[in-house]
Structure formats: C-alpha cells, structure tokens
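Participant: Annotations for this protein, taken from Swiss-Prot, read as follows:
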- TYR160: active site, proton acceptor (ACT_SITE)
- 11-35: NADP(+) binding site (BINDING)
- SER146: substrate binding site (BINDING)
Amino acid sequence: MYKDLEGKVVVITGSSTGLGKSMAIRFATEKAKVVVNYRSKEDEANSVLEEEIKKVGGEAIAVKGDVTVESDVINLVQSAIKEFGKLDVMINNAGMENPVSSHEMSLSDWNKVIDTNLTGAFLGSREAIKYFVENDIKGTVINMSSVHEWKIPWPLFVHYAASKGGMKLMTETLALEYAPKGIRVNNIGPGAINTPINAEKFADPEQRADVESMIPMGYIGEPEEIAAVAWLASSEASYVTGITLFADGGMTQYPSFQAGRG
C-alpha cells in the first residue's frame, strides 16, 4: 500500500476493461479517487464502478470519451477537476492494435492506431500538464507503452511499433521539459498480458505456447501484475522520471530480441 495515494485524483483512459480496469481497481484500493474512462460501452464502465471499485470502498466516476477527439480529452480532465476538485495523476492507457501487412495497410489503418496510441496519449499528457503548470502541482503522467517501443519489431504491426516508439521519445521529451517544475512523466512497457485485446491470440494453444517460449519467466502476465503502476504514481518514485518500466517477464531480455527479432 502507498499511503500517499489516498485522496489523490487519478484519470485513467480506456479503463473499463483490460489493463485500465485493473489499474482503476488498484488505485481505488489505495484509496485514490478514480475517473474511469470508456469510449462506447457504458455498461462495462458502470460494472467497474459498481462491482469492483465500490467493493473495495473506493470512490470513482465514469466519463465517456474518445481519446482521438481533442474535446473529449479536455472534457475528461475537466470532469475530474469538477467532480473531485483537482487532478494528481494522468494515466494514458487507451490503445489499440490491428495487425495488417505493411504493403496492404491503408492510411486509415495507420491513422487509427497512431491517433489512438500516440496522439491520444499526447492530448492526455498535454491537458494534465497544462493543469499542473497552471496550478503549481507536482503531478504525474504515466503512459502505457509496450515492449515494442524499443527492440522488438514485429511483422504486421508497423503502425503499432511506430506509435509506441514515438511514445518513448514523447515521454522522455516531456519528462525533460517539465522536470524543473516537479512534474514526472514515465512509461510502463507491458509484455504479453492476458487482456481482451490478446484474447483471440492466446486462446490458440499453438500461438500461446509460441509467445510463452519467448518469455524467460515462462508465463503470460495478468493485468493485476501491471497494476503495480501505482508505485510510479507514489512518492516512493519521486525521483523517477523519463523512464520506461518494463513489466514483461524478461521478454525484452530474450536473446533473439536482443539481436532485433523481426
């Protein structure tokens, strides 16, 4: 438990399911006040509030919004401030992937992934940092990146890799720019995790075994293991900024990836 998170206001994009949901529950357990963001499925967001967060005694609201729409992101941050009086932590978690051969990829395919993963994270970071600067708050921004930001290129995922590679330098640049104001900006780089976005792939025994063979710890992670992102938001990480914290079971240390697996 991180006692200093009690009473903090945390916005998590894309938090009605998957990693975002687990993070919302974890922060609620830490007694933070949580803004659960969803794009279209209000029932999933309400389920997180009613069946998960209230169960641990947490306080939260659900706010609809598409991270690719600037006005929606502005509203998301303003809703947190209006409801809870402030903002302390912004977690840009919303993301997507859509495997397509590079030579067959349409501009629409490309833009959809870039707009969600990279532009959405920029908009969330910008709005949070704007509030922090204007109110002299030493806030925290955490972006949900991937092992693909660094040294794991992957066929059919050129748009995804570009979005996460861009996120790495975006995060490092923001961290450098706002460190003098005490604002911290970091990435989390998950490896293979059991989430809805991976459900179809991991349901295939052969594909699952292939992925597990590339993880030194030997198993696919659970969303709760990424929810340790709470540490990065706490005062225990007060001297940490501009990094990517990989939570991947050692996947980035796999010998073939060290050589640049394609």
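Cβ atoms here come from the backbone N, Cα and C positions, even for glycine.
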Participant: Return one of helix, strand or coil for the residue listed as 'substrate binding site', based on DSSP.
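Facilitator: The three-state answer is coil.
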Participant: With H, G and I counted as helix, E and B as strand and the rest as coil, say where DSSP puts VAL35 (NADP(+) binding site).
Facilitator: strand
Participant: Name the residues of the same chain, 6+ apart in sequence, whose Cβ is under 8 Å from the Cβ of MET23 (NADP(+) binding site)?
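Facilitator: In sequence order, ILE12, SER15, ILE91, ASN93, ILE226, ALA227, VAL229, ALA230 meet the Cβ cut-off.
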Participant: Among SER15, VAL35, SER146, TYR160, all listed as recorded positions, which has the most CB atoms within 10 Å of its CB?
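Facilitator: Output for this query is SER15.
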Participant: If I take the Cα of SER146 (substrate binding site) as reference, which of the recorded positions VAL11, VAL35, TYR160 has the closest Cα?
Facilitator: TYR160
